[in-house]
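Novice: According to TrEMBL, the protein carries these features:
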BINDING   HIS185, HIS246, HIS318, HIS499  Fe cation binding site
Amino acid sequence: MWTSVFIYSIEHPAGGYKKIFESCEELAEPIPAHVSGKIPAWLTGSLLRVGPGLFEIGDEPFYHLFDGQALMHKFDLKDGHVTYYRRFIRTDAYVRAMTEKRIVITEFGTTAYPDPCKNIFSRFFTYFQGIEVTDNCLVNIYPIGEDFYACTETNYITKVDPDTLETIKKVDLCNYLSVNGVTAHPHTEPDGTVYNIGNCFGKNMSLAYNIVKIPPPQDDKSDPIEKSKVLVQFPSSERFKPSYVHSFGMTENYFVFVETPVKINLLKFLTSWSIRGTNYMDCFESNDKMGTWFHLATKNPGEYIDHKFRTSAFNLFHHINCYEDQGFIVVDLCTWKGHDFVYNYLYLANMRQNWEEVKKAAMRAPQPEVQISKKKIENISSLGFVCVSAFEFPQINYKKYCGKNYTFAYGLGLNHFVPDRLNVKSKETWIWQEPDAYPSEPLFVQSPDAKDEDEGVLMSIVVKPGVTQRPAFLLILSATDLTEIARAEVDVMIPVTLHGMYKP
Ligand SMILES: [Fe+2]
């Protein structure tokens, strides 16, 4: 069983973390990185990540961490050399903001106002048509078939070229599936089948969460998205208020869906389509009575298992892993205790405060912890938790151990919401940290011919604003003990990145 080992105390009085929430410019071409250490010869490929890169349009600021315009980053590794490149994704939100020089599309926590230059009639019709749903795909990037898509959590995903970082096209999932959006954390099977989950505000105001399935690359080279379908539905605990869902679990034979007390007030959400001054954040509320519900469904065929578990209230963003073990399903989660929505604490103004203020604000927020729960499959009645110390942005040896009994999880230590260390957890904990350095989610890449689960490297983008010449670097660590293998430093700042992938 995992145990908590360290009590952390890291201070950031210099406030260097504020730099990761600042706008930057894209690059005209890839720039060389200065490598120290020795990058393994087999590590040839691209680290692709996305995050906010533009935090204001002219003098109009974005307010929330999830509002800045999507910037795609790429570190290319070849023959021990590394280059860095980045481009803004040409979403409608970005292109129209650039054209009209104002915020045109409402983002997660920032409301777009109609063009003041338009006359009263055209403004009226803008309201009548409602708020446009954002395609600002700043959250993650993942493959579907032979293609790569950047995404947020709406019904729009954006096809990008992982080599040139060019934007190819915007895809509306509503054209293929009955969902109102899907998460930025799909699961992918070794053959390329993609599963995801999304809210469905169905006919007759019925509410459900749909698991969708996108098949692997097609022999006839057609787009697998065209053959996507809803596989199974989870019912909603409340008639008009679906829970916010950020990720889900998948074992070899089951889907695990955790329904948390963070709710979307659907009536508010739908009426906001015609009400001035509303954004997505305005539509969330907490249910302080329901606690948290666990649901299960079988994968093949996709069938809902009509038994629920209830436990105490928590926020959940990231599943670590789930697997079947002797009649149990083990569900490992990064949770935040309580029903108060953690995103309420992620406004940029809070995150850019001085350190003492950041600390104070974070103490009032739900506190993070990692939970391991065991659920008996046949007789769904027992549920036990073990809490271990906190980390977020969890990663595992996904290719080999997703849905399987595993030992190692990797994560980003968040000290009062500021990323300042990388963890690997098992019976022991290893940590990488450096003064005034802010790492990103560590991605695991397995060594060729690896025999052990942790044989490979971790890759993280680290920002170190104190260093004037080379303020950011790609860090490559041994996944076995978090010792440094190499770093590739660049002479530009890199803003915060949320999620990403390694493309061999
Ligand atoms: Fe996420």
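Even glycines carry a Cβ here, placed using N, Cα and C.
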Novice: Which residues, in sequence order, are found in the same chain with Cβ within 8 Å of the centroid defined by the Cβ atoms of HIS185, HIS246, HIS318, HIS499 at the Fe cation site, excluding those residues themselves?
Specialist: VAL139, ASN140, THR183, ALA184, SER247, PHE317, HIS319
Novice: Within 10 angstroms of the C-beta of HIS185 (Fe cation binding site), what count of other C-beta atoms is obtained when all protein chains are considered?
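Specialist: Around the Cβ of HIS185 (Fe cation binding site), 20 other Cβ atoms lie within 10 Å.
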Novice: My understanding is the cutoff is Cβ-Cβ under 8 Å with a sequence separation of 6 or more in the same chain; which residues meet that for HIS318 (Fe cation binding site)?
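Specialist: Long-range Cβ contacts: HIS185, HIS246, SER247, LEU333, CYS334, GLU392, PHE393, PRO394.
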Novice: Over all shown protein chains, what is the count of other CB atoms within 10 A of the CB belonging to HIS246 (Fe cation binding site)?
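Specialist: For HIS246 (Fe cation binding site), the count of other Cβ atoms within 10 Å is 20.
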Novice: Indicate whether HIS246 (Fe cation binding site) is helix, strand or coil by DSSP.
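Specialist: Coil, per DSSP.
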Novice: As a test of the contact definition, list every same-chain residue at least 6 positions from HIS499 (Fe cation binding site) whose Cβ is closer than 8 Å to its Cβ.
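Specialist: Residues satisfying the criterion: ARG49, VAL50, VAL139, ASN140, ILE141, ALA184, HIS185, PHE393, GLU441.
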